[in-house]
Amino acid sequence: MTATLERRESASIWGRFCDWVTSTENRLYIGWFGVLMIPTLLTATSVFIIAFIAAPPVDIDGIREPVSGSLLYGNNIISGAIIPTSAAIGLHFYPIWEAASVDEWLYNGGPYELIVLHFLLGVACYMGREWELSYRLGMRPWIAVAYSAPVAAATAVFLIYPIGQGSFSDGMPLGISGTFNFMIVFQAEHNILMHPFHMLGVAGVFGGSLFSAMHGSLVTSSLIRETTENESANAGYKFGQEEETYNIVAAHGYFGRLIFQYASFNNSRSLHFFLAAWPVVGIWFTALGISTMAFNLNGFNFNQSVVDSQGRVINTWADIINRANLGMEVMHERNAHNFPLDLAAVEAPAVNG
C-alpha cells in the first residue's frame, strides 16, 4: 500500500500569517519579537526625525526657561537634540492625550518620553529576535547575550537613571552636545571616573578595540594562499568552504614570539569567546555602575586624604578632580539652583534667639 504524504496547507489566514512570521526563508527574518520591534522602532525613528527638525523649545528644568533643541529653532547637527521631558512632569507617564493640547505636550518635552520608551521596547525586541532566529536555525544563543550589553547600557541611561533621580529630565538628551552635557553633569554629581565599574567598562571598550584590531590583522596576515603571486589572496576563498581560510598555527607562532608564548591563543573557540566576552562584560559592568549611581551610590571619594604633620591638606589628583566636579556642578542648571547640591546637603547651623 502506498501512502502519499502532502504538505498540509494552513487553512486559515492566521495560520499562513504565523508561517510567514516564523519563516527563515524571508529575506529579513520577522519573528514574533519582530512583530513588536518593527512598529516600536519605526515610531521612535519617525518621531525622532520630526522632533529633531521641528520641535519647539522644551522647559526641561520646569522653571519656564525653555531650551531649544531642533534644527528649525537655531541648532545644527552638533548642537541639536531631543530635549528630555520637563522636570515638571517628573516620572509621570506623559502621552499626548494626557496634555491639554499638543502645544503643551511639546513644551513639556513629550516627544522625548515617546521616543525613549518606544526605542527601549524596540531594542529589547531586537535582542529577542536575535535569540528567536538563532533558535529557528539551531544555533546557540550567544549573539543575543552579547547584544544585551548595549541594551543594558541604553536602559541604564534612558530609564534606570531617570527613575533613580526622580525625573525623565535627568535622562540623556538625544543629541551629540546633549550627550556630552549628560556626561559632564554625571561626573559632577556622581564622580563616575572614580567608580570601579566605569573603569571596567573603559577597559572593556578600549581592550575590545585593541583585541579586535589584533585579531583582524593577524588573520589577514596569515591567510592560506590558494592563488598565484599575481592574484589577490582573497580570490582563493570560497564562501562556505570547509577548509580553514587562515593558518591559526602561524598566527599563534607569530604572536607568541612577538610577546610571549602564553599571551597567544592556540584554540580558535577560546580566542573568539574571549573576543566576545571581554567588551560585553565590561559594558555590563558600566551599565550596572550607572544603575547604582542612579540611586546615588557614587564613585570613590578620596578628597583631602593626604595631610602633613600640621594637618594641612596635600592635594592629590582626587582633589583636582573634586575641584573640577564642583565647578561643573555650579554651572549646570544655573538658574534652577542657587548653590550646588553638595552645599545644600549640609545641615544649616542652629540659630538661637
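Glycine residues also receive a Cβ, built from the backbone N, Cα and C atoms like all the rest.
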#### Entry: Annotated range (Swiss-Prot: transmembrane segment) out of 87-108, 197-218
197-218
### Query
Between 29-46, 118-133, 197-218, 274-288, who has the most Cβ pairs under 8 Å to the transmembrane segment (142-156)?
274-288
### Task
Pick out which of the binding-site residues His215, His272 has the most other Cβ atoms within 10 Å of its own Cβ.
His215
## Note on the structure
Residues near His190 (site 'Stabilizes free radical intermediate') by Cβ (under 8 Å) yet at least 6 apart in sequence within the same chain, in sequence order, are Met293, Asn296, Asn298, Gly299
### Message
Quick check for the class: what is the C-alpha distance, in angstrom and rounded, between Tyr126 (pheophytin a binding site) and His215 (Fe cation binding site)?
### Response
28
### Query
What's the most sparsely packed of the recorded positions Tyr126, Tyr161, counting other C-beta atoms within 10 A?
Tyr126
### Tertiary contacts of the transmembrane segment (197-218), as residues 6+ beyond its ends and Cβ separation under 8 Å
251, 254-255, 271, 274-275, 278-283, 285-286, 288-289, 292, 299
### Query
For His118 (chlorophyll a ChlzD1 binding site), what is the tally of other C-beta atoms lying within 10 angstroms of its C-beta?
20
